[in-house]
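As structure tokens, the structure follows; a few thoughts come after it.
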């Protein structure tokens, strides 16, 4: 992967947390091209399948929207079965020549499950119910794990505080935070 492509994939932070039967997924709003900020309030989350599933993306916007559209089609085809839809999307992503070139990652949550669909078509289900993608993901992930283990904050509050921490550290992440809940 070339340096410019890495910047496209890594230039945001998306974080999802499941706690006490509720899930929250949020992102910052910064859109960058290379080292230039183009927009401060980009929406990188989307509700899917009758509002029961929340997905967020990191990567090239057009590629991510294409993948989200395909994922939504898979959800409809498999009656909202998250894991089956994710595996089928990943299979298509790996085998379809057009999709294989898309540069994006998806983070997906329901009230019970959290998944990451990687740019290589892998489906990853974290053990702790926390999904994080993008350039500030490791900062947000570390903060979320600590807050989940040592506080009684809600999923939404954990996402908000963790994204604020990531925004303080990562130059590709800002503090214009949008959070969705299920």
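Including glycine, each Cβ sits where the backbone N, Cα and C put it.
Taken verbatim from Swiss-Prot:
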- 12: active site (ACT_SITE)
- 167, 170, 173: Na(+) binding site (BINDING)
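Taking the features listed in Swiss-Prot, we show where each one sits on the structure.
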residue	record	Cβ contacts under 8 Å, 6 or more apart
12	active site	27, 28, 30, 31, 32, 44, 58, 134, 135, 136, 172, 173
167	Na(+) binding site	13, 28, 136, 173, 174, 175, 177
170	Na(+) binding site	13, 135, 136, 139
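Highlighted in sequence order, 13, 28, 30, 135, 136, 139, 140, 163, 166, 168, 169, 171, 172, 174, 175 have their Cβ within 8 Å of the centre of the Cβ atoms of 167, 170, 173, the residues recorded for Na(+), and are not part of that set.
Counting every protein chain shown, 30 other Cβ atoms lie within 10 Å of the Cβ of residue 173 (Na(+) binding site). Under the three-state DSSP scheme, residue 167 (Na(+) binding site) falls in the helix class.
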